[in-house]
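> As annotated by TrEMBL, repeat 'PPR' applies to 22-56, 57-92, 93-127, 128-162, 163-197, 198-232, 269-303, 304-338, 374-408, 409-443, 444-478, 553-588 (among others).
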Amino acid sequence: KGMIKNALHVFDNMGSCGRVPSLLSCNSLLSNLVKKGENFVALHVYDQMISFGVSPDVFTCSIVVNAYCRNGEVDKAMEFAKQLEISSGLELNVVTYNSLINGYAMIGDIEGVTRMLRLMSERGVSRTIVTYTLLIKGYCKKGLMEEAEQVFEQLKEQKLVADQHVYGVLIDGYCRNGKISDAIRIHDDMMKKGVRTNTTICNSLINGYCKSGQLVEAEQIFTQMNDWRLKPDHHTYNTLVDGYCRVGRINDALNLCDGMCAKEEVVPTTMTYNILLKGFSRVGAFHDVISLWKMMVKRGVTANEISCSTLLEALFKLGDFDEAMKLWDNVLARGLLTDTITLNVMISGICKMGKVNEAKEILDNVKDFRCKPDVQTYQALSHGYYKVGNLKEAFGVKDSMERKGIFPTIEMYNTLISGAFSCRDFNKVVDLVIELRARGLAPTVATYGALITGWCNVGMMDKAYATCFEMIEKGIEVNVNICSKIANSLFRLDKIDEACLLLQKIVDFDLLLPGYQSFKDFLNPDATKCLQTQKIADSLESSTTPKKLLVPNNIVYNVALAGLCKAEKLKDAQKLFSDLQSHDGFVPDVYTYT
C-alpha cells in the first residue's frame, strides 16, 4: 500500500509538472490499484490519464472494465467498453469479456453472462479455461449445479484440461449448495485424473460436511490432509471449530483450538474465538463465554465488535449490568462501534433488565459515532417501554423512528397493538392494523394472537370471533393458545354453553393440546369449577385414543360460525358455511347446524 501511495504521488506530480506518463506506466498503476481493491481510485486515475492526453489501449480497457465490475457496476463497465470501441476503434479481447462475464456472474445475472458468450461467438473470440471457470462459478453462485457441470463437460469437449482451480470451483459450488456427495464424486474424479487436491479444496469439503452435520466425514478429510501432505490453514481450523459448535460438541471445538495453540503453526485468530464464543452462547454456557473471553485476552488476541457483542449477550443473560456497562465503555473507547450489532445487543439487554431510561440515554449518546440506529434498535427500545408500562414513550419511539424514515416491523406492530389494548385505545388498535397492511406487512399468528387476546380481555367476543374467522380464511393455523384464550373468556363472561361447545369439540376430535397436561392447565381456575367442564375434562383424561395435533378443523370453524351468528352477521356466517363445503378439513355436524 505504501508503494502504491508513492506511485500515485509521482503520477500526480508528473501531471502538475506537465510531464506525460507513458501508457505502460498508467496501465501498471491501474492494474496494481485494482489488484489491491482500490477500484474507485483506479477509475479516478483513468480519468486523470485521459486528461493528460494518454490514449488507452485494449489492456487499459480490460483493467477499467474489471474495476467497474468489482464495484458491482457491470452495466457501467459494458457501457465504458462500448464507448471505447466506438471512440478508439479498439476490439475487445478475451480478457475484457472474461471480466464482464465475471461481473455479471458475481451479481447473479445469468442473462448478462449469456449475452457476453453470444457476443464472443459473434466476434470470433475463443473461450479460454478462465472463461469456463467463470461460467461454472456464476452457475454455482445461483445454485444451478446441473448447468455448472454441463459447462465443465463442455470444457473437456473443447480439449481444455481442467486444473486445480476449475475443479475447486465446482467442488465448492456443490458443497455450498448442500450436495456433498456430488462434491466427493468430482473430487474422486479429479484425483483419478492425476490432479492433486489442495488445502482450499479440502476446506470446501470440510465445510460441506460440517454444514450437513457429518462431522465424522469432516474429521476424515482433516486427517487425510496429512496423508496428502497438505497443511491446514486458519480457514480449515475455523470451519471445523464452527462445525463442532453447530452440533453442540463444544469441548471438541475447544480441544481443537488448544491443539492449534500447541502446534504454533496456525494460531487461533479473533475469528476462531468468535466462533467459540458464539458456540458457548448458543448452548447457554454463559459463564464459559466469560472464561473464554479472559483466555482470549490473556493470549493477546484482539477482540472485535462481534466478540464484544457476544460477551455483552452473556453478561445480560447473567444479569451483570455493571460489567456490561464497563464493556460498553471499552467498546466506545476503542472505536469498535462500527455497526448496529453491538448497539442492538446493548439496547435490548438493558431494556430486558427494565432499565429503559439508561437504554434511551445510550441511544442518545451514540449520535456522535458512525453507528446509526436501525429498526431493531428502536423496536427493542419501544418494547422496553411497553414492558415497564410506559405506553406513551413506546408510541413516541415509533413516531421518532418514522420521522427518520425508519418504519416498524410486524413484531413492533404486535407490541404496539398489545399496548393500545392495555390503555383501551381501540381506535388506535384499528389504526395500527390498517397502517401495517398499508405498508405491505402481513399479520402473523402473533399479530392475530395479540388482537384476539385484546378483544377477549375487553369482552368484545364478536371482534375476537371475526379475527379468528379472518385467520381461517387466510389459511393461518388457529393454535391452542388462541382456543384457550377464547374458552377462558367465554367462561369469564358466563357464556358456559358456548365455552363447553368449544371444549367438547376438543374431546370429540381427540386433539392434543401441546404444552397442556389437562384442562386444569388449559383453563383458568374459575372455569374448572363448572360441572360441565369437569365432565368434559374427565372424558378427555380417561380417553386412550392417540391424540392428534391441533389444526384448523370443525372446532375452529364451528366457533367462527357461532361467533358470526351471535353477532347477527348471518350473511357472513352463510358465506363461510358455503365456502367450507369444499374444504377438506370441514365436515358439517350437529353443532354446525345447531
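Yeah, the Cβs are placed from backbone N, Cα and C, and that goes for glycine too.
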> For the repeat 'PPR' (198-232), give the DSSP counts of helix residues, strand residues and coil residues.
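Looking at the repeat 'PPR' (198-232) with DSSP, the answer is 26 helix, 0 strand, 9 coil.
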> Are there residues at least 6 beyond the ends of the repeat 'PPR' (163-197) whose Cβ is under 8 Å from a Cβ of it, and what are they?
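Distant contacts of the repeat 'PPR' (163-197): 129, 132-133, 136-137, 139-141, 143, 145, 148-149, 152, 155, 204-205, 207-209, 211-212, 214, 217, 228, 230.
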> For the repeat 'PPR' (304-338), could you work out the same-chain residues 6 or more beyond its ends whose Cβ comes under 8 Å from its Cβ atoms?
270, 273-274, 277-278, 280-281, 284, 286-287, 289-290, 293, 296, 345-346, 348-350, 352-353, 355, 362, 366, 369-371
> Over the repeat 'PPR' (57-92), what is the model's mean pLDDT?
88
> Would you mind listing the long-range same-chain contacts of the repeat 'PPR' (409-443), meaning Cβ under 8 Å and 6+ residues beyond its ends?
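375, 378-379, 382-383, 386, 389, 391, 394-395, 398, 450-451, 453-454, 457-458.
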> Helix, strand, coil residue numbers for the repeat 'PPR' (444-478) per DSSP?
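Residue counts in helix, strand and coil order: 26 helix, 0 strand, 9 coil.
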